[in-house]
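See structure below.
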Amino acid sequence: MRDYDEVTAFLGEWGPFQRFIFFLLSASIIPNGFNSMSIVFLAGIPEHHCRVPASANLSSEWRNYTIPRQMQEGREVPRKCQRYQLAALTNFSTQGLVPGRDVNLSQVELEPCLDGWEYSQDTYLSTIITEWNIVCDESWKPPLTTSLFFVGVLMGSFISGQLSDRFGRKNILFATMAVQTGFSFLQIFSINWEMFTVLFVIVGMGQISNYVVAFILGTEILGKSVRIIFSTLGVCTFFAIGYMLLPLFAYFIRDWRMLLLALTMPGVLCVPLWWVIPESPRWLISQGRLGEAEDIIQKAAKMNKVTAPVIVFDPLEPQELTPLEQQKGYILDLFRTPHIAIMTIMSLMLWMLVSIGYFGLSLNTPNLHGDVYLNCFLSAAIEVPAYVIAWMLLRNLPRRYIIAGTLFLGGGVLLFIQLVPTEYHFLSIALVMLGKFGITSAFSMLYVFTAELYPTLVRNMAVGATSMSSRVGSIIAPYFVYLGAYDRILPYVLMGSLTVLIGFVTLLFPESLGMALPETFEQMQKIKGFRSKKKTGNSNGREKNPKVFITAF
C-alpha cells in the first residue's frame, strides 16, 4: 500500500480541516492543565493553630496566651500543633494570676491540639486539609495524595496506548475524558481523605490517557509539517493555558468542593466534540476499515475545497502486499552492551531528575512569598515562552549543549536563591520562575533527544521507558516540596543541585543534531569517553535526521 501521507497529499498541509482538528484536539488538552495541578488549591494549607473551646474557663487575658509562639522566617508566629496545657491555664486564670508576670509561660507544659484547629480563611474558605484536619501528625497525607495521583498517571501511561491501539483513538479519547471528568465529579462527594485519594488516582489515570491519545490522534491526522507545531505550540501550550486557568478559577471559588465542580464543567463541554472529531484514518486502515477512512478523507477534501480522487484507498491494494517479518525489540535490548546500558541509565536519570524539578517547582508555588494565586499563574505562564524557546533552539543548535545549558540555567538560579536575603521576596520569586523556565525548556526537548539517540528497533521502547522514569520523578517530587516545612530553602538546594548535576551528565551524551537516525545498534553513536573497536556501518543510505515530535506529557 502506498504511503498514507503520499495518498492524502492532495488535502494540503494547513487547510480548514487541519486547522479545525488542530484547535479542537489542542483545546481538549486544556482540562488536563488544571486537573494535573489542582491539588495545589484543593489541598492548600492555610495558617492554623490549636482551637481553644469557647467553654474553657479562661479570662480574656489568658485566652490570648493559650498558644505558644515561635520564630519563623524572622517573625513571631503561633505554633501550629501545640498549645499550653489547658487545665493548667484554667487553674491560673481561676486564681487571678497574670500571664508573663505571675506565671513564666516557658515553664508551662505543652499538649497537642486536643480540640482541633482554627484555620485562617484569608486565602482559602475550605480545603481538604481544613475539612478533615490533615495537619500536624497527619501532615504526611497531602504529599502522599499527590504522589498517588501521579501513580495513577503512571498506570494510565501503561494502558492508554494499548487501549487506543485495540479500540480506536477516538473511542479511548472520549472514554478517558469521561473517566477524568466523571471521577473528578465524584470527588466532590468524598466523605473522607481515603475516598478522595482513591478517586484521585483514577482521575490521574484518565488525565494522562486523554493527553496521550489526543497527541496520537493529532499526529496521525495532521500532515508532516503541522505535527511539529501541534506537538509543541499546540498540545504543550494549550496544557499551559489550562494550567493558567486553574488559579483564576481558584481565586474566585475558594471552597474546594465548588472549585472541583467548576473544574469538571469544561470536561462536560467537550461532549459535543464527539460528533465533530473524526477517528484516525490511519488506525481505521490498520483495522481494514477502508470505507470509514475513505469517508473521513472525502469530508476533509470537501472542507478544504479540493477535489479528491474517486477512490482514495483502493481496497485491493493491501491484499497485494506480502507482510515482511520484522525483527522485534525487547526491553533488555536497552541494556544489551555496556555502552547501551550506560546510555540508558543516564537517560533514565536525566528524565527522572528533570521531572522532579518540573513538578517540584510547580507544586511548591503555595510556599512562595506573596499571593498564591498570582504565583501559580506566573508558574504556568512561564511555560509558554519555555516551549517556544525550546522549539526554536532545537531547529539549529546542538541538542546536548542546549539541554545542558537550560539545565544549568534552571539549577543555577535555584541554588542562588539561598543567597537572597529573606526581605527580597520579589527577587526570590523571579529566580524560581527563571528556574522553572529553564527546567521546562529542557523537559520539552527530551523526547526529541532520546528518540534521536536510539535505533529504530527500540526507539519507541526507549522513549517509553524514559517517560516512565519521569513518572517516577513526579511521584517523588511532592516529598521535595514536603521538606519545605522544615526549611524553606532546602527544596531549592536539592532540586538545584540535582538539576546542575544532571546537566553535567547530559554533556556526556553523543550529539544527534544533523546525524542520521540509527537503524541498528551498531550505528548508535558512542558516549563521550567510550571507545569502540568496531566502526559503524556506512550511513549514506540512511534517512537524514527528520523532525521528531516534541511534547512534555
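Note: Cβ is positioned from N, Cα and C throughout, glycine not excepted.
Positions annotated as domain 'Major facilitator superfamily (MFS) profile' by TrEMBL: 88-514.
The transmembrane segment annotation in TrEMBL covers 20-45 (among others).
According to TrEMBL, the transmembrane segment annotation covers 172-189 (among others).
Residues 25, 28-29, 31-32, 35-36, 39, 128, 144-145, 148-153, 155-157, 159-161, 163-164, 169-170, 172-173, 176-181, 183-184, 186-187, 231, 235, 239, 277, 280, 549, 551, 553 of the same chain sit 6 or more residues outside the transmembrane segment (195-217) yet have a Cβ under 8 Å from a Cβ within it. Taken from TrEMBL, the feature transmembrane segment covers 195-217 (among others).
According to TrEMBL, the transmembrane segment annotation covers 229-253 (among others). The list of residues near the transmembrane segment (229-253) in space but at least 6 beyond its ends in sequence, with Cβ under 8 angstroms from a Cβ of it, reads 22, 25-27, 29-38, 40-41, 211, 214-215, 218-219, 222, 259, 262-263, 372-374, 376-377, 379-381, 383-384, 387-388, 390-391, 444, 549-553.
Residues or ranges marked as transmembrane segment by TrEMBL: 259-277 (among others).
TrEMBL lists 340-360 (among others) with the feature transmembrane segment.
What TrEMBL records for 372-394 (among others) is transmembrane segment.
Panel annotation: around the transmembrane segment (401-420), residues 354, 357, 390, 393-394, 427-428, 431-432, 434-439, 441-442, 445-446, 449, 489, 492-493, 495-504, 506-507 of the same chain, lying at least six beyond its termini, place a Cβ under 8 Å from a Cβ of the stretch. Summarising the annotation, TrEMBL assigns transmembrane segment to 401-420 (among others).
Among the features that TrEMBL reports, transmembrane segment is placed at 426-449 (among others).
Here TrEMBL flags 489-509 (among others) as transmembrane segment.
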